[in-house]
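Listed features, source TrEMBL:
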- A:Leu20, A:Asn27, A:Lys156: xanthine binding site (BINDING)
- A:Ala128, A:Asn129, A:Gly130, A:Gln131, A:Ala132: 5-phospho-alpha-D-ribose 1-diphosphate binding site (BINDING)
- A:48-157: domain 'Phosphoribosyltransferase' (DOMAIN)
2 protein chains.
Amino acid sequence: MKQLQEKILTDGKVLSESVLKVDSFLNHQIDPSLMHEIGDEFAARFGNEAITKILTIESSGIAPAVMLGLNLGVPVVFARKRKSLTLVDQLYTASVHSFTKNETNEISVSKDFIKSDDVVLIIDDFLANGQAALGLVDIVEQADAALAGIGIVIEKGFQTGGSMIRNRGIRVESLAIISSMANGKVEFHQEVPSV
Amino acid sequence: MKQLQEKILTDGKVLSESVLKVDSFLNHQIDPSLMHEIGDEFAARFGNEAITKILTIESSGIAPAVMLGLNLGVPVVFARKRKSLTLVDQLYTASVHSFTKNETNEISVSKDFIKSDDVVLIIDDFLANGQAALGLVDIVEQADAALAGIGIVIEKGFQTGGSMIRNRGIRVESLAIISSMANGKVEFHQEVPSV
């Protein structure tokens, strides 16, 4: 997605060969217009999948997921990273380790909101080692729902998550795939036209 | 806002005289179409305020804030409840106690994203005792930015936050104000037409 790649190049900050900070439009400050475009792009890629529910994880997945949900006319569910006192039973849970934050979170989704007749599309902001995405896949499987695929805003193509998940036969669509951040310079995989 | 009141009556769950669960459309599952309407309603109420930035707090404030940001064409910043390793300095911080979760969080916003020439509108999902809203006001004041007001999706009018904040001369617009949840029944304040 050309507009997203340009935004990453102009506003992203490469902190190391593996850490990209996009706090100015995705992870802390949010560019609603870009999120709207991202939602439309996900809809174009997954719109023929009869999706009934979008599943994401708090907090940075919510904005792109809600814009996609508006486009497709389906609800969004965000997995919580901690249990809330008003939501203590009837949960699907999975453990997700964040290498960035060096911590393991229990993520949870109420059984009320993912059912076995749902066709679920997972949306997340980043795909690196794939732990968050796999935790969400785990929850979809626990619910015995169908998984339409995974839509990612920014994939770190030089990390193993993307290939690991695709090797499981899961469709992954990433709107920007970074091939390298060596020497402080972001380089993208060439855009492969969708079939 | 009539559509929101109806949604609360049909889909909200009164867990006690003070706890309303709206996990099916706002706090866990999100209704994107309703969020879009909510964004439009906030825009109608605050659209003449020359707002340059919307400030909310993760996670449930993000969806309505981003829809409002899309309408007004301005960025959204969400305060974080914990510091991230990629964002350790240059922060405005405030302490916020949650009575629901019985915990105090440090909330933080990067100094990069709220500046002294900003006109900030605060958006949040709930207003009860007002602690979260006051934490966000504190951050706007630390930034020496102008505060246009506070937009709330659901206000618990029987708790003290709303009057405490309005008594400070801050404009608060709540799209649904609950006057009572006694006997498991939600009752609303009569809608007062905006001047």
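The backbone N, Cα and C atoms fix where each Cβ goes, glycine too.
The maximum pairwise C-alpha distance among A:Leu20, A:Asn27, A:Lys156, the residues recorded as binding xanthine, is 16 Å. A count of other CB atoms within 10 A of each Cβ picks out A:Ala132 as the most crowded of the binding-site residues A:Leu20, A:Ala132. Of the chain residues outside the 5-phospho-alpha-D-ribose 1-diphosphate site list A:Ala128, A:Asn129, A:Gly130, A:Gln131, A:Ala132, A:Val96, A:Phe99, A:Phe126, A:Leu127, A:Ala133, A:Leu134, A:Gln159, A:Gly161 have their Cβ within 8 Å of the site's Cβ mean position. All protein chains included, A:Ala128 (5-phospho-alpha-D-ribose 1-diphosphate binding site) registers 24 other Cβ atoms within 10 Å of its own Cβ. Reduced to three states, the DSSP call for A:Lys156 (xanthine binding site) is strand.
Within 10 Å of A:Lys156 (xanthine binding site), counting CA to CA, the binding-site residues A:Ala128, A:Asn129, A:Gln131, A:Ala132 contribute A:Ala128, A:Asn129.
All chains included, 24 other C-beta atoms sit within 10 angstroms of the C-beta of A:Gly130 (5-phospho-alpha-D-ribose 1-diphosphate binding site). Around A:Asn129 (5-phospho-alpha-D-ribose 1-diphosphate binding site), a 10 Å sphere centred on its CB holds 19 further CB atoms from the protein chains shown. Listed in sequence order, A:Val96, A:His97, A:Ser98, A:Phe99, A:Gly161 are the same-chain residues at least 6 apart in sequence whose CB falls under 8 Å from the CB of A:Gln131 (5-phospho-alpha-D-ribose 1-diphosphate binding site). Cβ proximity to the xanthine site centre (mean Cβ of A:Leu20, A:Asn27, A:Lys156, cutoff 8 Å) flags the following additional same-chain residues: A:Gly12, A:Val19, A:Lys21, A:Val22, A:Asp125, A:Phe126, A:Ala128, A:Ile154, A:Ile178. Proximity of A:Asn27 (xanthine binding site) to non-local residues of its own chain (separation of 6 or more, Cβ distance below 8 Å) is seen for A:Lys21, A:Ser60, A:Asp125, given in sequence order.
A gap of 17 Å separates the Cα atoms of A:Ala132 (5-phospho-alpha-D-ribose 1-diphosphate binding site) and A:Leu20 (xanthine binding site).
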